[in-house]
Amino acid sequence: MIDQYKHQQLQIGLVSPQQIKAWANKNLPNGEVVGEVTRPSTFHYKTDKPEKDGLFCERIFGPIKSGICACGNSRPSGAENEDERFCQKCGVEFVDSRIRRYQMGYIKLACPVTHVWYLKGLPSYIANLLDKPLKKLEGLVYGDFSFARPSTKKPTFLRLRGLFEEEISSCNHSISPFFSTPGFATFRNREIATGAGAIREQLADLDLRIIIENSLVEWKELEDEGYSGDEWEDRKRRIRKVFLIRRMQLAKHFIQTNVEPEWMVLCLLPVLPPELRPIVYRSGDKVVTSDINELYKRVIRRNNNLAYLLKRSELAPADLVMCQEKLVQEAVDTLLDSGSRGQPIRDGHNKVYKSLSDVIEGKEGRFRETLLGKRVDYSGRSVIVVGPSLSLHQCGLPLEIAIKLFQLFVIRDLITKRATSNVRIAKRKIWEKEPIVWEILQEVMRGHPVLLNRAPTLHRLGIQAFQPTLVEGRTISLHPLVCKGFNADFDGDQMAVHLPLSLEAQAEARLLMFSHMNLLSPAIGDPICVPTQDMLIGLYVLTIGNHRGIYANRYNSCENYPNQKVNYNNNNSKYTKDKEPHFSSSYDAMGAYRQKLISLDSPLWLRWKLDQRVIGSREVPIEVQYESLGTYHEIYAHYLIVGNRKKEIRSIYIRTTLGHISFYREIEEAIQGFSQAYSYTI
């Protein structure tokens with residue numbers, strides 16, 4: 001499928017029976033229409049040729065050998081007549097054999113069958129639209145009870161509507177005699193409905209716009225009721241409101257995509273192209289076949305048996321017909337999802353058959369293993385490690401990966417700057433790792449973002465853009481704050497790096513995919529770049545401090561204030577066990593730490609700016625100390641105020657640790673950097 005932007009894409013959804021026929025049907029020159037698979041056979045046991053109207057029929061799916069029909073003939077050279085595209089004898093079209101990779105067929109089901117994905121999936125789309133319990137619908141689909149059609153003015157056997165089992169307990173006994181009568185078919189077509197046909201009738205009668213209007217009215221009524229005080233009733237009301245919202249969204253989606261609800265019940269079952277479910281002959285007459293073929297055979301056999309019974313409905317008991325319809329439903333369920341009916345179907349070697357769902361889903365499914373897990377050009381892969389010195393929008397690329405990814409750009413710049421004369425010499429310079437190569441590589445990387453992806457990509461934050469920087473080693477460095485979006489940690493996780501080439505891809509990476517542009521979760525809106533694990537432990541250790549009581553008085557508290565700096569080069573008396581040092585600035589405290597005079601959690605007094613008040617409106621000092629000259633010291637829980645006799649504050653000291661100082665400085669620098677960047681944008 002190709003969209004309006006000429007992008008190839010794959011879409012899974014519901015299609016009409018007419019579309020299924022259009023995919024498969026071909027008109028032969030003699031007026032015959034082929035496309036329906038009616039026989040469960042595959043290849044003839046003597047000729048090893050596909051059986052006509054079977055699962056590998058050449059008339060339906062195309063020739064096995066390009067341009068050669070089943071008879072062994074080829075199209076005459078120079079033939080341009082439309083009728084000469086087909087063999088007059090066998091009806092096989094003279095086309096390339098690759099058509100067997102995409103040409104589909106179909107099975108015309110003798111009775112409607114519900115699609116198991118839409119009936120038993122969570123949530124059940126059929127149950128949501130019909131607003132009925134899933135168990136009741138399953139009982140109706142598998143023939144446990146019947147549904148009475150709307151009664152008319154004409155005389156009828158029953159004048160009921162709804163589910164027999166629910167409304168009248170004796171209905172099963174009252175209609176059971178009709179099951180064995182010759183006129184059961186007439187009675188059933190006019191009076192009752194059972195199986196998937198009953199579901200199809202109810203879905204066809206739905207008006208999606210009325211469903212949206214009625215659901216909205218009911219939701220508003222529940223919203224206006226408020227809380228009743230009964231926990232159980234409030235819980236049921238919340239569940240009902242969520243269900244109504246889900247039902248309105250589902251109906252709106254059906255309207256927007258022009259999909260009819262009754263398409264969830266199948267009348268025609270598509271048959272995959274034969275090349276996607278091959279049969280392989282090995283030495284020793286051993287045959288290896290896809291499990292899908294065996295499941296298709298099972299469906300065709302049961303469907304043919306049901307068609308035979310319906311043709312002879314006057315002789316066949318009604319119970320037998322209903323039982324055969326149930327078998328057809330179960331066979332289609334097994335084909336689509338083998339585990340939907342409890343225990344999966346097994347072959348003679350006790351091996352579980354792989355259904356279509358098993359082929360598609362999971363890590364080894366068609367999408368993740370075949371389509372998404374392939375190597376592509378301009379990409380690399382390596383283990384991720386933490387890069388604490390990186391900015392949020394940066395990642396560290398190893399030299400080996402970077403030179404491989406940007407090799408063509410480096411060669412172009414080497415030739416442009418006349419450092420080399422041709423590509424061969426440029427590659428030699430790169431191989432010899434000359435200094436000019438690294439200079440040009442850094443210039444190229446400075447203006448070119450890269451994409452990092454961690455599988456599985458479950459949401460859009462699984463792929464983010466970063467500004468690459470060169471690092472030593474063979475691992476990719478990553479800022480720890482972006483790990484939550486990737487659901488990654490540093491215990492051996494691997495990430496793939498991709499290089500956007502076109503200008504459109506680079507612009508999209510810069511405007512939409514950069515990590516600093518994705519700070520909130522797209523699902524719930526909460527911050528997703530938050531500290532976790534090692535960062536929280538590091539912040540805790542950095543700011544835990546030493547839980548020691550206040551030890552400050554006029555004999556040891558402020559011997560070096562107001563402007564005298566601490567002489568931390570003197571190791572004699574300033575930093576004893578009983579004295580908490582005073583520092584005029586954070587730089588003095590950092591200098592003392594570098595000289596190992598204090599530790600990260602050592603309590604200290606740091607002189608604070610007078611314009612940054614730290615006094616609470618209701619906080620009172622623990623103790624007030626006065627000196628002979630009128631100077632006083634107000635000691636609080638975490639700070640100290642020094643004033644003169646005129647009640648003027650001369651200095652303020654806060655009681656903190658070096659860890660708190662370091663954390664404060666980092667936060668302050670980050671805020672200042674953000675403010676500068678914001679002012680530049682304005």
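For all residues, glycine too, the Cβ spot is worked out from N, Cα and C.
Taken straight from Swiss-Prot:
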- Cys69, Cys71, Cys87, Cys90: Zn(2+) binding site (BINDING)
- Asp489, Asp491, Asp493: Mg(2+) binding site (BINDING)
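Taking the features listed in Swiss-Prot, we show where each one sits on the structure.
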| residue | record | DSSP class |
| --- | --- | --- |
| Cys69 | Zn(2+) binding site | coil |
| Cys87 | Zn(2+) binding site | coil |
| Asp489 | Mg(2+) binding site | coil |
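Across the structure, Cys69 (Zn(2+) binding site) and Asp489 (Mg(2+) binding site) are spaced 58 Å apart at their Cα atoms. Residues Glu58, Ala70, Gly72, Asn73, Gln88, Lys89, Gly91, Val92 surround the recorded Zn(2+) site, their Cβ atoms falling within 8 Å of the Cβ centroid of Cys69, Cys71, Cys87, Cys90, which are themselves excluded. Most other Cβ atoms within 10 A: among the binding-site residues Cys69, Cys71, Cys90, that distinction falls to Cys69. Apart from Asp489, Asp491, Asp493, the Mg(2+) site neighbourhood in this chain, defined by C-beta within 8 angstroms of the site C-beta centre, holds Ile384, Ala488, Phe490, Gly492. Geometry remark: Cys90 (Zn(2+) binding site) versus Asp493 (Mg(2+) binding site), CA distance 57 Å. Every protein chain considered, the tally of other Cβ atoms within 10 Å of the Cβ of Asp493 (Mg(2+) binding site) stands at 16.
With respect to Cβ neighbours within 10 Å, the binding-site residues Asp489, Asp491 differ, and Asp491 shows the lowest count. In this structure the alpha carbons, written CA, of Asp491 (Mg(2+) binding site) and Cys87 (Zn(2+) binding site) are 63 Å apart.
Its Cβ placed at the centre, Cys87 (Zn(2+) binding site) has 23 other Cβ atoms within 10 Å. In this structure, the CA atom of Cys87 (Zn(2+) binding site) is 62 Å away from the CA atom of Asp489 (Mg(2+) binding site).
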